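Annotation source Swiss-Prot lists FAD binding site at 4-33, citing sequence analysis. Annotation comment: Swiss-Prot describes His473 as active site, proton acceptor.
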Amino acid sequence: MQFDYIIIGAGSAGNVLATRLTEDPNTSVLLLEAGGPDYRFDFRTQMPAALAFPLQGKRYNWAYETEPEPFMNNRRMECGRGKGLGGSSLINGMCYIRGNALDLDNWAQEPGLENWSYLDCLPYYRKAETRDVGENDYHGGDGPVSVTTSKPGVNPLFEAMIEAGVQAGYPRTDDLNGYQQEGFGPMDRTVTPQGRRASTARGYLDQAKSRPNLTIRTHAMTDHIIFDGKRAVGVEWLEGDSTIPTRATANKEVLLCAGAIASPQILQRSGVGNAELLAEFDIPLVHELPGVGENLQDHLEMYLQYECKEPVSLYPALQWWNQPKIGAEWLFGGTGVGASNHFEAGGFIRSREEFAWPNIQYHFLPVAINYNGSNAVKEHGFQCHVGSMRSPSRGHVRIKSRDPHQHPAILFNYMSHEQDWQEFRDAIRITREIMHQPALDQYRGREISPGTECQTDEQLDEFVRNHAETAFHPCGTCKMGYDEMSVVDGEGRVHGLEGLRVVDASIMPQIITGNLNATTIMIGEKIADMIRGQEALPRSTAGYFVANGMPVRAKK
């Protein structure tokens, strides 16, 4: 089998590339996905409110676990990643958050990455998006990804939580992806007007999968990339339960889009990475790149949970006897409780003036429950998910075997810097202050977690060690740049090799201030134009907020 391009991984970036490259009917593309289809009648992935379900099994989730995390009481921590058409956009929380403009401007300060500034990237965010209230300087109106805005009156807790943040002295913003990210406001979500999850399989592949020049193979586990000298010329993979490899050749390029955990793993198995690590598994060295699998970053978060004194939370939706009605409303009308992910309000703040842009993110949820659906509080409640955005902690992904089915060693080194501890202490204390504002007085009952007895630095630190969880945002393991630990250049091309790019969240040099899916899609759109040799979209002229040392909040 011969194709112009072989794409490994049908996730948030891979599906973008598959769709854009096959717009040219003379370009042939093979898209390999280790998981299965995105079954449209499976409510677990299609109903926004069911977002916890895919994380509980292994049909749609790689269900990785970390090595014992040394600063988290040696806990082995969850590291869920999407498996199936759509990748992690098939199982994520559907929050459409792009990050802060200064994240991208910060990337662009690295030599060679100048065209990754916010204003250079904004046209590609817009290209990918159809926002339900129409386009403007910041938002698109005819892109493949459906973005839904929060509507007033859905749940009084959303408005109350935003108002409480404002009463605590923080800004109000009407668009966390617009002129000003900093502040509290409604949260956009990747949900269709029909109340379905807007994964990249739905948004992109639906328009491309019938093209004769696109071949999609599911249940295709990539074993390794084939090289001729320093040039990538094809891919070998295992189909289903087969132990006999299948191979295809790429006339132009192999595009690795397997995500921050699997992309470095595939490079290492293919002979690209740290020479000592590869020698340990008798993998012939194709090219030494010590940065492959290093620079691993993530967002860590905690839940601060409160009893709700009024019966307005989602607690009744957790009762089995209410779920048939919720399911029917969603299935036949695309409406009701099932049609929202219920992350409809949130915010970004600076915990201290020393941060030039927000370093703390909030997601508000009108129920008290773990992200993966476990440990639901059996009463009316609500919670804040809160965590730091740009931790200095760095980890790694390293193969443990040549077997593609063997999970790699993953270590995030969460909370390995004093800055991490200070940010989380600040975050808990600020959150408590926000939760005790007048806007929440009629709803707020007792603090369920951490509990009012948890007050000192030592007590807060122990709570974080035992209870903080991943926000499922791994990135950075094939970082873009030109220093000795970089893996790809500013166009995603792997240093020292030909015919091979990495295009996914692994190339982010530094993690962004917010959820990763929107920016991963943008990366796919931007590099798709580079691959095709097309001129970049014209730079945006939109304005954006810069704090420039402003106080973090208004004085009361």
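Placed from the backbone N, Cα and C atoms, the Cβ positions cover glycine too.
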Query: Which one, from the binding-site residues Ser12, Ser28, has the smallest tally of other C-beta atoms lying within 10 Å of its C-beta?
result: Ser28
- request: Give me the Cα-Cα distance between Ser12 (FAD binding site) and His473 (active site, proton acceptor), rounded to a whole Å.
  value: 13
- prompt: Which residues of the same chain, at least 6 positions away in sequence, have a Cβ lying under 8 Å from the Cβ of Leu32 (FAD binding site)?
  reply: Ile6, Ile7, Ile8, Gly9, Ala10, Arg217, Ala220, Thr222, Val235, Trp237
Field: Local Cβ density at Val16 (FAD binding site) - other Cβ atoms counted within 10 Å
entry: 32
Statement: Per DSSP (three-state), Asp4 (FAD binding site) is strand
Message: Is it possible to get the count of other C-beta atoms within 10 angstroms of the C-beta of Ile8 (FAD binding site)?
response: 26
Task: Would you count the other C-beta atoms found within 10 angstroms of the C-beta of His473 (active site, proton acceptor) for me?
output: 23
- prompt: Does anything in the same chain, at least 6 positions from Arg20 (FAD binding site), have a Cβ under 8 Å from its Cβ, and if so what?
  reply: Gly524, Glu525, Ala528, Asp529, Arg532
Message: Can you tell me whether DSSP puts Asp24 (FAD binding site) in helix, strand or coil?
response: coil
- prompt: Near Asp24 (FAD binding site), how many other Cβ atoms are within 10 Å of its Cβ?
  reply: 12
Message: What's the number of neighbouring CB atoms sitting within 10 A of the CB on Asp4 (FAD binding site)?
response: 17
- request: Sorry to bug you, but what's the C-alpha spacing from His473 (active site, proton acceptor) to Asp24 (FAD binding site), rounded to the closest Å?
  value: 33
Statement: The correct three-state DSSP answer for Val16 (FAD binding site) is helix
